Amino acid sequence: MTTTTTRFVQLAACAAASLLAVAASGAAAQGVGSVITQAVFNSMLPNRDNSQCPARGFYTYDAFIAAANSFPAFGTSGGSAELIRRELAAFFGQTSHETTGGTRGSSDQFQWGYCFKEEINKATSPPYYGRGPIQLTGQSNYQAAGNALGLDLVGNPDLVSTDAVVSFKTAIWFWMTAQGNKPSCHDVILGRWTPSAADTAAGRVPGYGVITNIINGGIECGVGQNDANVDRIGYYKRYCDMLGAGYGSNLDCYNQRNFAS
């Protein structure tokens, strides 16, 4: 190959790489990426790549955007800028708690989201222990998520903790999907959920608190004030403040019965 030909190939490769970078940047600048920019993502999760975090290097901005783009209604369909930003604050608030490496009561407690990608106690429900931003747990959830995403997550659950795009997709899938008598987190935060008579009797009212109930109500709800609720709310408020969104009402589930009761 001549020097001229080699130079041409190198230039072509550089041009192709530049086009891919521009395309990725353009995709990020639309939809969710218009609110959660790379800079905002880094500011929200400043310690995710800390040397103390087992998930360091895993949760990338590009992986989040790629996953979000697979769910066009996620973080884009609130009907107002306020609700769009509130949904994203709520999503990151809940998932940051699920993956937190923060120390309760410390000054930077709510700056340690996305520190973990796998549950610490893997004996909880092997091999379907918690993985990813939402800590997807249990064979039924791996089956349902896999069916929705076109992946064999029952046969290969480790995909959720080894492929960052898949990991984010499972979290967003859970967020967007109603299951049984539980509404979707998406509908709740956008004010599209109307409680049934049973919900009202159980104290389940629209707001961030019922999202906690959807995710982990069997442990955290109906038991009065507890550290987990406080942590979820703290992350949520921090992100609302960063994104310029109001908190809404009913932030906790202290007095709500869980959906299985």
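Placement of Cβ uses the backbone N, Cα and C atoms for every residue, glycine included.
As recorded in Swiss-Prot:
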- 1-29: signal peptide (SIGNAL)
- C53-C115: disulfide bond (DISULFID)
- E98: active site, proton donor (ACT_SITE)
- C221-C253: disulfide bond (DISULFID)
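Shown on the structure are the features that Swiss-Prot records.
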residue	record	Cβ neighbours (10 Å)
C53	disulfide bond	20
E98	active site, proton donor	25
C115	disulfide bond	22
C221	disulfide bond	29
C253	disulfide bond	29
Practice prompt. Looking only at C-alpha atoms, tell me how far C253 (disulfide bond) is from C115 (disulfide bond), rounded to the nearest Å.
Written response: 25
Discussion item. Of C53, C115, C221, which is closest to the residue listed as 'active site, proton donor' if I measure between C-alpha atoms? They're all disulfide-bonded residues.
Written reply: C115
Worksheet entry | DSSP three-state assignment (helix, strand or coil) for E98 (active site, proton donor) | helix
Worksheet item: How many Å separate the Cα atoms of C115 (disulfide bond) and C221 (disulfide bond)?
Response: 24
Worksheet item: Roughly how many angstrom lie between the C-alpha atoms of C221 (disulfide bond) and C53 (disulfide bond)?
Response: 28
